Amino acid sequence: MNNIWWQTKGQGNVHLVLLHGWGLNAEVWRCIDEELSSHFTLHLVDLPGFGRSRGFGALSLADMAEAVLQQAPDKAIWLGWSLGGLVASQIVLTHPERVQALVTVASSPCFSARDEWPGIKPDVLAGFQQQLSDDFQRTVERFLALQTMGTETARQDARALKKTVLALPMPEVDVLNGGLEILKTVDLRQPLQNVSMPFLRLYGYLDGLVPRKVVPMLDKLWPHSESYIFAKAAHAPFISHPVEFCHLLVALKQRV
């Protein structure tokens with residue numbers, strides 16, 4: 001049986017769907033869910049194959065987006081962190097009528113480094129895939145440590161992420177590999193040029209996975225979108241800067 005785990009909180013007049021990143025689950029939002037559910041009708045989701053959404057194998061980005069949409073409200077602000085940013089972006093491209101605004105957090109339309117495009121070196125992603133087969137819990141923990149490196153609260157932020165992972169059964173190796181394959185191969189830079197709805201991109205200045213060099217490049221490529229960089233955050237700004245993070249989302253709500 002493959003069901004998407006979905007939790008709804010709050011009674012705001014605007015719906016906000018939160019999509020987590022690779023290897024994690026919706027528990028990662030517990031640091032901000034109380035605050036956000038006082039402003040929005042908040043939807044917490046475990047992506048297919050992650051957390052409590054069991055029974056899924058590796059999915060393509062398009063199939064992952066379709067699976068998530070099955071239980072989604074008719075219209076919402078879609079927020080995706082990291083890999084979740086690609087899923088939210090895919091939903092905008094295929095079902096724009098279901099989206100009030102798009103928010104990507106520490107996400108890139110193309111995570112993999114390409115010619116004249118900063119990103120994660122393909123051999124690093126391939127290395128993660130190889131190591132998953134050998135010792136996947138350690139590999140996931142390594143990936144989490146990368147996400148908080150360099151911040152003033154790096155240790156406690158990494159602990160918060162690790163606690164999220166360990167709170168629920170680990171995803172299957174093929175699901176984790178499928179997620180890495182999406183990060184390695186997907187490129188939405190051109191398709192997202194045509195997005196006309198409110199589009200907010202949030203970044204961490206210290207992010208080791210999504211280099212800040214992509215921000216001005218995407219400002220130019222997507223002039224209709226807005227970007228904001230958390231000066232002292234890495235890959236998880238909602239954990240290191242929860243108050244500032246929520247403030248930006250509440251401000252966006254006033255504009256949709």
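Just so you know, glycine gets a Cβ as well, placed from its N, Cα and C.
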Co-listed substrate-binding residue [Swiss-Prot; alongside TRP22, SER82, LEU83, PHE143, LEU144, ALA145, LEU146, GLN147] among HIS43, HIS224, HIS235: HIS235
Those recorded positions, out of TRP22, LEU144, LEU146, ASP207, HIS235, that come within 10 angstroms of SER82 (active site, nucleophile) at the Cα: TRP22, HIS235
Spatial neighbours, same chain, of TRP22 (substrate binding site) - Cβ under 8 Å, 6+ residues apart: SER82, LEU83, PHE143, LEU176, GLY179, LEU180, LEU183
Distance, HIS235 (active site) to LEU146 (substrate binding site) (CA atoms, angstrom): 8
Largest tally of Cβ atoms lying within 10 Å of a Cβ, found at which of the binding-site residues LEU83, LEU146: LEU83
Other CB atoms, at most 10 A from the CB of HIS235 (active site): 29
For LEU146 (substrate binding site): DSSP state (helix, strand, coil): helix
